[in-house]
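In what follows, a single structure is set out as structure tokens and then discussed.
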Amino acid sequence: MGDFNSSSMEDDDMAAPLFERQLRKNYVQRAVDITILLLMISLLSYRLVSIRSHGGDGWEVKTWQVAMGCEAWFTFVWVLVVSTKWNLLRYLTFPQRLLQRKRELPALDMFVTTADPELEPPIIMVNTVLSLMAVDYPGTAHKLAVYVSDDACSPLTFFALSEAAKFAQLWVPFCRKHNIQVRAPFRYFSPTAERPPSASGGSKSPEFQQEWKHIKNEYESLNWKIEDARKKPVSSILSAGEFAAFANMDRGNHPPIVKIIWENKETEPDGLPHLIYISREKRPKHHHHYKAGAMNALIRVSGVMTNAPFMLNVDCDMYTHNPQIVLHALCLLLDPRSQNDTGYVQCPQQFYDGLKDDPFGNQLVVLQEIIGQGIVSIQGPFYGGTGCFHRRRVIYGALPKNVDSKKKNARSMDEISLSEFGSSEQFLKLVTRALKDESGTEKDLPSSLEAALHVASSGYEYGTSWGKKIGLTYGSTTEDIFTGMKIQSKGWRSAYCSLDPPAFLGCAPTGGPASLNQMKRWSTGLLEILVSKSNPIRATLLGRLQFRQCLTYIWVLIWNIRSIPELIYALLPAYCIITNSHFLPKNFAGPRTGYNDTSIRICHIQHLHAIGALQVQLISSSMVELPADGQNQLGLCLVVWCPNRPAQGAGDL
Ligand SMILES: O=c1ccn([C@@H]2O[C@H](COP(=O)(O)OP(=O)(O)O[C@H]3O[C@H](CO)[C@@H](O)[C@H](O)[C@H]3O)[C@@H](O)[C@H]2O)c(=O)[nH]1
Ligand SMILES: [Mn+2]
């Protein structure tokens with residue numbers, strides 16, 4: 001059963017394991033991958049050996065060398081890919097076993113971030129919130145809290161949430177009673193979406209039909225109210241007291257707002273989770289650090305209000321598609337084998353209503369299925385920014401137990417100085433508890449509001465380690481990958497929770513400039529990590545990032561750079577035709593084949609076409625995220641190219 005911490009060993013720890021690891025058999029794939037690698041190495045050796053004999057004039061020497069440089073780079077990238085996908089691992093989780101245990105389920109704080117009511121329509125965010133409020137957490141729903149961070153400080157968002165809290169009083173009991181599987185109402189009531197009948201089998205009963213109609217009408221009315229509120233002045237949609245908080249707000253320059261929209265006062269086990277609205281303070285003189293800054297404010301505010309030991313974060317457009325997700329994720333976090341070494345659990349990012357065949361690669365299929373499952377078997381998946389369950393103490397900078405004591409350069413738990421967390425006394429008290437893996441607060445929600453406002457202020461992080469050693473890491477637009485790598489470089493592993501039906505479903509850009517912008521932002525952020533002081537090579541040499549994990553991080557961080565050799569390689573055939581030079585062996589068909597000059601040239605051009613087509617593949621793969629496939633094509637092309645050539649002599653290949 002792996003390592004146990006004897007102090008936490010209780011009867012139920014001895015029970016059946018909460019998860020199993022399953023290795024996928026991929027011997028054929030491995031054989032193909034290695035063959036491709038060997039072919040690439042043979043090609044490189046051939047290039048090297050014949051660099052002089054295929055020199056020709058000055059220009060030709062250069063094309064041969066450029067081709068060799070590009071191919072050497074492709075080989076290096078292929079090594080990174082093969083290392084990542086060598087073992088493909090999946091986790092199987094058993095939530096029923098978790099529910100049978102004697103121990104109570106832990107508290108969970110769930111975070112939703114939103115930044116712009118124009119680009120991220122409030123109704124979509126509301127659906128995400130409703131799906132989170134309705135997750136299955138039998139007998140323990142009062143331990144759940146949903147926090148929404150609004151970086152736009154929008155009264156519309158606040159209004160939408162207040163209305164959603166009213167609708168939730170109907171929606172959540174309805175979902176629980178009929179065991180509805182799709183708990184985001186816009187998907188459940190969508191005429192096009194596949195809607196499984198209620199699992200209780202009562203979908204046809206008149207009682208269910210009546211309830212269904214009633215809830216649908218209420219949802220439509222919620223939709224209409226939010227849509228209508230868009231067009232109205234703020235003063236008419238909010239009550240006088242609420243309006244005062246939002247009056248004359250400038251989204252880039254305003255004080256913090258924390259509002260408890262719904263509180264489960266009776267701590268009813270089957271009640272609704274708390275719902276809290278936060279708009280952290282923004283001032284022009286303080287950098288707000290985008291989503292990472294919003295997440296850190298959420299972590300601190302939840303730290304003083306509920307202080308749950310686990311936190312889930314989702315983007316505002318990623319609703320919970322599997323109501324059992326929390327139970328599945330907790331199987332991976334609470335099992336005795338993972339308690340001391342699993343820092344976070346990541347669910348794959350999956351999307352609804354994607355374009356057929358995913359022409360822009362927005363669904364990240366290769367990244368999820370090939371690289372995703374591969375990295376799971378090394379040190380665990382990247383933190384993907386959404387659909388991720390964190391341990392609070394890991395985010396607070398704690399080290400795993402039983403860490404490699406030779407690498408003590410990462411600070412140990414004892415070295416954490418509380419002053420690095422800021423100046424709120426109430427928060428610091430609760431940080432100490434969280435670091436000891438204790439949860440909860442002494443105060444109720446309203447009496448912790450003052451401290452919540454303090455930790456949500458824009459100057460709170462000044463002189464602290466937030467964004468450096470604590471919380472989500474600043475300095476890259478892909479704060480998720482950066483933060484995950486920092487956690488793993490402390491020695492933590494991460495686990496992957498891939499479910500059917502998918503845990504979360506989001507909305508991917510459909511293409512065009514939105515897609516390009518997103519990819520530009522991601523690739524820039526990844527490059528920022530590569531050139532930062534905390535790059536994976538340093539994290540491996542000085543920290544506890546595993547070597548093969550480092551290779552995978554390098555593969556993802558060089559996403560941007562990979563396009564350069566691919567573009568050059570793609571331009572080579574055209575360049576060679578224009579300058580009448582070559583980067584493939586000149587006597588391609590060879591005089592002994594009996595071809596005349598024209599046929600040799602045609603043959604040459606045909607091969608250039610084949611390679612050109614491959615290069616288009618490579619370029620498009622680099623742009624639309626199909627790296628593994630692109631590389632396979634290169635290998636296949638090599639296979640086709642090599643045997644077709646009549647042998648000229650041993651030195652030819
Ligand atoms: O100043 C900001 C900017 C963004 N967000 C929120 O951050 C989330 C992600 O932003 P989005 O613009 O949708 O970025 P995507 O590229 O779609 O998101 C992916 O990439 C991001 C950067 O790597 C990750 O943070 C996300 O979790 C991941 O889904 C959304 O909920 C936003 O509302 C904020 O709260 N404040
Ligand atoms: Mn998004």
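Heads up, residue numbers simply count up from 1 along the chain you see.
Just so you know, glycine gets a Cβ as well, placed from its N, Cα and C.
Where the annotation comes from TrEMBL, it is an automatic prediction and has not been curated.
Among the features that TrEMBL reports, UDP-alpha-D-glucose binding site is placed at Glu120, Asp151. Taken from TrEMBL, the feature active site covers Asp151, Asp480. Sequence annotations record features per position, and here TrEMBL assigns Mn(2+) binding site to Lys291, Asp315.
Recorded features from TrEMBL, shown on the structure.
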{"residue": "Glu120", "record": "UDP-alpha-D-glucose binding site", "Cβ neighbours (10 Å)": "19"}
{"residue": "Asp151", "record": "UDP-alpha-D-glucose binding site", "Cβ neighbours (10 Å)": "22"}
{"residue": "Lys291", "record": "Mn(2+) binding site", "Cβ neighbours (10 Å)": "21"}
{"residue": "Asp315", "record": "Mn(2+) binding site", "Cβ neighbours (10 Å)": "23"}
{"residue": "Asp480", "record": "active site", "Cβ neighbours (10 Å)": "24"}
Query = If H, G and I count as helix, E and B as strand, and all else as coil, what does DSSP give for Asp151 (UDP-alpha-D-glucose binding site)?
reply = coil
Request  = Have a look at the recorded positions Lys291, Asp315, Asp480 and say which one has the shortest Cα distance to Asp151 (UDP-alpha-D-glucose binding site).
outcome  = Lys291
Inquiry  = Of the recorded positions Lys291, Asp315, Asp480, which one has its Cα closest to the Cα of Glu120 (UDP-alpha-D-glucose binding site)?
reply    = Asp315
Key: Between Asp480 (active site) and Lys291 (Mn(2+) binding site), the C-alpha gap once rounded to whole angstrom   = 9
Mapped DSSP class for Asp480 (active site), helix or strand or coil = helix
Ask   = Which recorded positions among Asp151, Asp315, Asp480 have CB under 6 Å of ligand 2?
value = Asp315
